[in-house]
Amino acid sequence: MKHDTASRFLDIAPEVQATLVAGGAVVALESTIITHGMPHPQNVATAREVETVVRENGAVPATIAIIEGRLKIGLSDAELDWLGTAKDVMKLSRADLPYAVASRRNGATTVAATMICAHLAGIRVFATGGIGGVHQGVEATMDISADLDELARTPVAVICAGAKAILDLPRTLEYLETRGVPVVGYRTDRFPAFWSRTSELFVPLRLDSPDAMADLIRTKEALGLDGGVLVANPVPSAHEIPADEMKTFIDAAVAEAKARGVVGKAVTPFLLSHLFEKTAGRSLATNIALVKNNAALAAQLAVSLTR
Ligand code: PSU
Ligand code: MN
């Protein structure tokens, strides 16, 4: 437990707890992707498959959510099913977490909130789809995801497929550099753009094995440098949608969000569901494939970290 006074708010699933106590490998998984990122029933099916992938790669999955104000580290089957269709579930980032706990609310954790909860439970590795970042039009909106600042302060390694191409990717990378977050391309020199394996951007650092990433994380800790590490793992080629093909859909989705006055927390869910519709489900299939791919790598990294 990383913060003594927080323990009374945590419900760590018995298997997760036993594995942590034994020094075994655990991978945290987020829940906003379930409640706000994918439609039912693919959301629940994917969450289950992702947990299976983590197990197949030698680690124990811990899907994180807030249920009636309790920080759940590892969900039961029944809880996962319920979350898949639950109404009035808050999308929780750092700013909303204490409110949800104090008011006994239900909430899904974003990358930022999942990192916080994982760290409180002593989990060092977390797999997601794509992190939030700097939004297009930031000059006017100042919309920068709290995920980026969380990466700068909370020591959890986040495995993603880059940042969603709906974002301003160059500014997202600049911001991460400013905030001192190591951004590592896994077996790639290019920063992946979620649905696409590459972008025009180079990734700042590159490593080619889970052991090398574990070594980086241990070294960072030993140097007393706080904050996390972002690992960018390109979607498998078989499931990729090339960037130029995605661009038309993305431009339309961003324009539609602007025209409808969608702001704040609603932006990312709006853009994702708009894209699922316009690509006739193709972007959803890619999203599912990349999350599973990230879960496998996260489990391998968690196993490396136990050695
Ligand atoms: N990755 C996905 N689908 C998602 C998200 C990530 O494949 O829905 C969620 C994550 O929870 C991330 C959030 O933290 O989108 C970013 O939201 P915002 O831009 O409002 O910070
Ligand atoms: Mn935002």
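All positions are counted from 1 along the displayed chain.
Heads up, the Cβ atoms here are built off N, Cα and C, so glycines get one too.
In TrEMBL, annotation is done automatically, which means it is predicted and not curated.
Positions annotated as active site, proton donor by TrEMBL: Glu30. Annotation comment: TrEMBL describes Lys164 as active site, nucleophile. Residues annotated as substrate binding site in TrEMBL: Lys91, Val111, Ser145, Ala146, Asp147. Summarising the annotation, TrEMBL assigns Mn(2+) binding site to Asp143.
Shown here: features listed in TrEMBL, placed on the structure.
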residue	record	Cβ neighbours (10 Å)
Glu30	active site, proton donor	28
Lys91	substrate binding site	20
Val111	substrate binding site	28
Asp143	Mn(2+) binding site	19
Ser145	substrate binding site	24
Ala146	substrate binding site	16
Asp147	substrate binding site	26
Lys164	active site, nucleophile	26
Task: Those binding-site residues, out of Asp143, Ser145, Ala146, Asp147, that come within 10 angstroms of Glu30 (active site, proton donor) at the Cα - done: none
Open item on the list: Taking 8 Å from the centroid of the Cβ atoms of Lys91, Val111, Ser145, Ala146, Asp147 as the cut-off, which other residues in that chain fall inside it around the substrate site?
Closed with: Thr32, Ser93, Thr110, Ala112, Ala113, Ile131, Gly132, Glu150
Task: Contacting binding-site residues, sequence order - Val111, Asp143, Ser145 vs ligand 1, Cβ under 6 Å - done: Val111, Ser145
TODO: Give me the Cα-Cα distance between Ser145 (substrate binding site) and the residue listed as 'active site, nucleophile', rounded to a whole Å.
DONE: 12
Task: Listed binding-site residues adjacent to ligand 2, that is, members of Val111, Asp143, Ser145, Ala146 whose C-beta is under 6 A away - done: Asp143, Ser145
- [ ] Pop the Cα-Cα gap between Lys91 (substrate binding site) and the residue listed as 'Mn(2+) binding site' into the table, whole Å please.
- [x] 16
Open item on the list: Let me make sure I understand the span of the substrate site: among Lys91, Val111, Ser145, Ala146, Asp147, what is the greatest distance between any two Cα atoms, in Å?
Closed with: 13
